[in-house]
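Now, the feature entries from Swiss-Prot:
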MOD_RES   S8  phosphoserine
REGION    35-49  region 'Switch I'
REGION    68-85  region 'Switch II'
LIPID     C218  S-farnesyl cysteine
MOD_RES   C218  cysteine methyl ester
Amino acid sequence: MSDSEEESQDRQLKIVVLGDGTSGKTSLATCFAQETFGKQYKQTIGLDFFLRRITLPGNLNVTLQVWDIGGQTIGGKMLDKYIYGAQGILLVYDITNYQSFENLEDWYSVVKTVSEESETQPLVALVGNKIDLEHMRTVKPDKHLRFCQENGFSSHFVSAKTGDSVFLCFQKVAAEILGIKLNKAEIEQSQRVVKADIVNYNQEPMSRTVNPPRSSMCAVQ
């Protein structure tokens, strides 16, 4: 195969991650791109970039450019520019925070406006994060599924903390954008286990302790 033929098998996709500041967007992007979970909560100001190259069926190499948009940018002058040109949009909410789910209407409104102006239609995925906190859920699954059905979204439930279905979410979004169908064996083959640290959302200084820091396993699917 020539160099030009090899290059033709490489694709780049722009994936924009939107949602409220506490929905876990940055943790989601970090778990996918770096296979880890941050020790401290860090608010995204403006936007952050993450890159990861994956291989889809047919030996197709795809580089995902993940744009993590700060939650405070809603209503800002730059948001439409961040969204412009995206092939995929992840609308992320915290399943334990109903307000973060309701606010997705505002985020999606901006996406629709940009899509109409640019005459392009990105794939939109609804992502319910923090499924490791199922016992604290305030957004019922039927609400999630109804929102998907009403707007034609793909549906995903993940945990950036444990890594549950994180890789699978991005993999499925990329495959759907490119019109590639994943079979069961390919999905199972993508499952791996990596080390991840548990986040501390308390921004106050931590007191000293003689106990070693806790950690968990981030099972990226």
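Glycine is no exception: its Cβ is also placed from the backbone N, Cα and C atoms.
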Check your understanding: What is the number of residues in the region 'Switch II' (68-85) that are helix, strand and coil, as DSSP sees it?
Key -> 8 helix, 2 strand, 8 coil
Revision key, fill the gap. Rounded mean pLDDT within the region 'Switch I' (35-49) lands at 62
Point to revise | Tertiary contacts of the region 'Switch II' (68-85), as residues 6+ beyond its ends and Cβ separation under 8 Å | key: 14, 16-23, 25-26, 29, 43-50, 103, 106-107, 110-111, 113-114, 117-118, 120
